[in-house]
Every structure is written in C-alpha cells, then in structure tokens.
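If you check TrEMBL, you get these features:
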type     : residues : note
DOMAIN   : 3-134    : domain 'EamA'
TRANSMEM : 63-81    : transmembrane segment
TRANSMEM : 93-112   : transmembrane segment
TRANSMEM : 118-137  : transmembrane segment
TRANSMEM : 149-165  : transmembrane segment
DOMAIN   : 149-279  : domain 'EamA'
TRANSMEM : 177-195  : transmembrane segment
TRANSMEM : 211-230  : transmembrane segment
TRANSMEM : 236-254  : transmembrane segment
TRANSMEM : 266-283  : transmembrane segment
Amino acid sequence: MLIGILCLILSQIAFAITNSLWKNPQKQVGVLSIIAARSFATASFLGIIVFFRGEIWLLPKEYLLRTMLFCCINYFGLFFYLQSLKEKQVSEITALGKFSVLIGIFIGIFYYDEPLTPAGLFAILAILISIILIELWQDKSKIRWNKSFVYAILSPIFWSSSFLFKESISHLGHWNFTFVLEATVCVLSSVALLFSKEKFSVKPLFTTYKIEYFFLVLLGFIAILCSNYSLHTLPVVVSALLGLTYPLCTLLFARFYHQERLSKMQWIGIIVGIIGVLIYHILS
C-alpha cells in the first residue's frame, strides 16, 4: 500500500506540472493538435513496452470495449481543461478541479461500497472549505459565466471517470490499460482534427516549445502510469483524497512558473486542504 501511496503522490505532482505546461504551447499549436502529439508519443512508447512484454496479445477482448468507453469519457476531461485555458489562468481553473476529489469519494462509497470513516468526513469538510477559500473568494471580477468557465466545470466531471478505471486495470494490467488509454486519446484527437477547423501544426513543439513538449511527454507518461498503478492498489476513497495533492501542487507551480498571483485566502485554502488530508491519514 505504501508503494501505491508514493506512486499516487508522484503522479499528482507530475499531473500538476504538466497541466501548467499545457498553457503556453496550446495557444499556438491548438488543443486537438497538442493532445494528439502528446498522446501519440506516450502511446508509441507504451506500445513498444507492452509489445516486448508479450502481453499485447493477451488482452481480454471482453473488457476492451468497456475500457475504451471509459477512456473516451475521460478524454473530455483533458479536452475541456485545455479549452478553458484559452481564456483563464491555471489558478482560476484548479480549485474547481477539487470537485473531482468529492466525486471520487462518492464513487468509492456508493459504487465500490467502501466505508467512510469520521476522518473521511472531516477530510471532505476540509476540502469543501478549501474550495470555497480558493475559488469562491477570489476576485469576483475574474469570474465570468462564459464558455471557459463552463469548460472548467465540465473538466473535473469527465476526469472523475478515472475512478471507474479500477476494474479495467485489474483485468488488463496497468501497463496494458495505460497503453489503451493513451491510444484511445490519440485516436479521438486525430479523428476530431479531421472534422475541425483547427489545422494540425506541431512544428512549434519542436522549436519554440520543445522543452515544454519534452516534459509534457515525460511527466505525462509518469503521471498516467503511476496513477493507474496506485488506483489498482489503493481504495478509491484513499486515491480520491490523496488526489487533493494535484490541485494544491498545480496552484503552487502556476504561482512560480506562470507568475500567477494567489490571494491570502487562496493560500489559506491550500493550507486547509493539506491539513485535511494529513489529519485523515493520521486518524485512519
């Protein structure tokens, strides 16, 4: 279980960095193009690993269709996140991402029949307070009900489907599942490009944004693989609560990488969230 926890924390830190790195290159390259380029690289690397492991021929076909359906749903979490980045700062979107933590807890309780302890209830309360402090108490002039705000709300809802991956990972194995996930994302983005006005242009990824692209691929690979491994080994409620590491790290990284300013209430919200998770694990 300790390895699962360490993998989950590592994945959330990697997700936090990559979700900040998307912002600059996606403006010039385009949402669909950069998703396709990143997922093609990770899927290719994973495909080579799975091929030499000799497991690609052993994929249980009866679970593939269901797995690909969940992967398609999860894809829109990333798609809507990048769409919202067109007009919003990373720090403006991140707090809304904490709702995926709450959704994950409810999935663990009601779908997987996992118990909710008093410590878990305390953690949920701390998360809610943290969301209020970070998101609802920010500068109201920045909150506009436009497409970007709607995308920012939809993103964590679709991303929460990852908590339903547990059974598919158990049947396919985390290497095979991660390959199927990235391959599905790549295919969806490529097909969408055929019907989109967006022109496929990845040249800036190998010139202007080559460093960002390198880390998007490397850290994306680490994040997805570690996240799926931890989801397979940990209870969903624990995975969801530890997932709070992601928005907190994202806020901190955005503060230093994009020079986005955080208010005092947002800093307090970050601290409240950290305390909530720490107390949960101390009391559990």
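Cβ from N, Cα, C; glycine included.
Counting Cβ pairs under 8 Å that are 6 or more residues apart, the transmembrane segment (93-112) and the transmembrane segment (211-230) reach fewer than 3 and are not in contact. Under DSSP, residues within the domain 'EamA' (149-279) fall into helix, strand and coil as 108 helix, 0 strand, 23 coil.
Long-range contacts of the transmembrane segment (177-195) within its own chain (CB-CB distance under 8 A, at least 6 residues past either end) are made by residues 32-33, 35-36, 39-40, 42-43, 46-47, 49-50, 56, 59, 64, 67-68, 71-72, 74-75, 78, 165, 168-169, 224-225, 228. Remote same-chain residues near the transmembrane segment (211-230) are listed as 4-5, 7-8, 10-12, 14-15, 17-18, 21-22, 24-25, 34, 37-38, 41-42, 45-46, 162, 165, 169, 174-175, 177-178, 181-182, 205, 239, 242 (criterion: CB distance under 8 Å, separation of at least six residues from the stretch ends). When Cβ-Cβ distances below 8 Å are used as the criterion, the transmembrane segment (63-81) is approached by residues 19, 22, 31-32, 35, 93, 151-152, 154-162, 164-165, 168, 171-172, 177, 180-181, 184-185, 188-189 of the same chain, each at least six residues removed from its ends. Note on the domain 'EamA' (149-279): its mean pLDDT in the predicted model is 87.
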